[in-house]
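So the structure is just underneath, and the comments pick up after that.
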Amino acid sequence: MKKKYILAIDQGTTSSRAILFDHKGRIIGMAQREFTQIFPQPGWVEHNPRDIMTSVYTTITELLNNTQIDVRAIAGIGITNQRETTVIWDRQTGQPIYNAIVWQSRQTKDICDQLTTAGYQDMVHAKTGLLIDAYFSGTKVKWILDHVENAHTQAARGELAFGTIDTWIIWNLTGGQVHVTDYSNASRTLLYDIHALRWDPDLLTMLDIPAAILPDVRSSSEIYGLTQTPYFHGEQIPIAGIAGDQQAALFGQACFEPGMAKNTYGTGCFMLMHTGKKAVESQNGLLTTIAWGLNGEIEYALEGSIFIAGSVVQWLRDGLRMFGKASDSQAYADRVSDNGGVYVVPAFVGLGAPYWRSDVRGAVFGLTRSTTKEHFVRAALESMAYQTRDVLSAMQADADIELKELRTDGAAITNDFMAQFQSDILAVPVLRSQIAETTALGAAYLAGLATGFWSSREEMTQHWAINRCFKPQMDKEQREHLYAGWKQAVEATLGFRVA
């Protein structure tokens, strides 16, 4: 039967999606299912790994039922996932020994503090391109092994398996036959040397993690195994693409050349700049990461992670009850000509790149008696654009590359006010992708390359299309005046301490 489709499984922090793409990269069908978030203690975030798989299976079933396609027409499956989230399971039974510890969770902060105090920061940064932070997988693995009875003994005997969510999904889809990850996900674990391309023995020793639990690291586009599950009506479909969600979005945005960058505006903001075959070491608070491994070559990226972006709109809606729907925020922002001197620094869980200060908290500056709800909403939206400029400035300094345009996706950038202000404050065109699901599209592209569904990146570039281009309209003096106010607000926030 002719292969007409690629299936992408997009496993995110709050939901899983199954999306079917055709040869032109168009969405044929989509299904989504949320799952339960677990908060055992303040600052801890966990998932039940079985709930994750149930959500994946449910979306696959719903998608196939809704589209009524012949499963045999699916050329391959691409998987993209919430990065860093950690699962450890029993190889024999396939049962997790503890909940998945989510990337957002801060429950390993004490371990990170101990490692930093012990002087490991420079070694970790040199090998991994990352910082010692509870964000990454390595300390989560250590925490589980330390807190589950007999886990260290079982791990040393090779009875346990570790994986990020891509690994967990593939293990289950292949009936426990395949234990793999790709370069992009491995590079986020704090255990992988992104230069030597290996699980690093010094890092494993530092965290007391046996190598026996680790998955094989493979390229981001190859056939890893075949499905062994009834959800595809007995058909064995190649699983052929893997990438962490932000790297997948970079690929889906067709950012294939050094200097090209994308920004995803979700709960947080994740900006990646392609740096080619060179791993650029950041001197300005960014992360160096593997973008993907393809055709025997590794390509790298610089990444800036912003913890609070679109969720500032949720805060305005749910916490402060300033409007009923998130989409209303644009109308409020448009009712005033400027921010009235108000700056919102949304450091609700600290500040990410390029500051990396988990101890600071959110603040508002510039309030006067004439400040209105509209000024407040506008200032909150503007905070996303200012934080993006913080990251871009660091990227351009590190990579010595001047950005020509910024490709964007995510719910928050569908706000036209936000998109225009972002272009104004960066002084570069902001291109909003026609397809919002660029993360899933990137995973589909990787699987399609491995199965021959697509022939080349050039073919994919032809499919990429703009929903709208926003060009800078603000003069330099005003732009720099506004940004100077933001920098002043951030400095004041960094200096404030809760008694």
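Going from the start of the chain as shown, residues are counted 1 onward.
Just so it is clear, glycine is given a Cβ too, placed from its N, Cα and C backbone atoms.
Since this is a predicted model, take the numbers as computed values, not measurements.
Cross-referencing Tyr57, Tyr120, Tyr135, Tyr224 against the sn-glycerol 3-phosphate binding annotation in Swiss-Prot, which names Thr13, Arg83, Glu84, Asp245, picks out Tyr135. For Tyr135 (sn-glycerol 3-phosphate binding site), the Cβ neighbour count at a 10 Å cut-off comes to 25, with all displayed protein chains included. Of the chain residues outside the sn-glycerol 3-phosphate site list Thr13, Arg83, Glu84, Tyr135, Asp245, Asn81, Gln82, Thr85, Val102, Trp103, Gln104, Arg188, Gly244, Gln246 have their Cβ within 8 Å of the site's Cβ mean position.
Cα spacing between Glu84 (sn-glycerol 3-phosphate binding site) and Thr13 (ATP binding site): 11 Å, rounded to the nearest whole number. Secondary structure at Tyr135 (sn-glycerol 3-phosphate binding site), taken from DSSP and collapsed to helix, strand or coil, is coil. DSSP assigns Gln246 (glycerol binding site) to a helix. When the binding-site residues Thr13, Arg17, Arg83, Tyr135, Thr267 are ranked by how far their Cα is from the Cα of Gln246 (glycerol binding site), Arg83 comes first.
Under the three-state DSSP scheme, Thr14 (ATP binding site) falls in the coil class.
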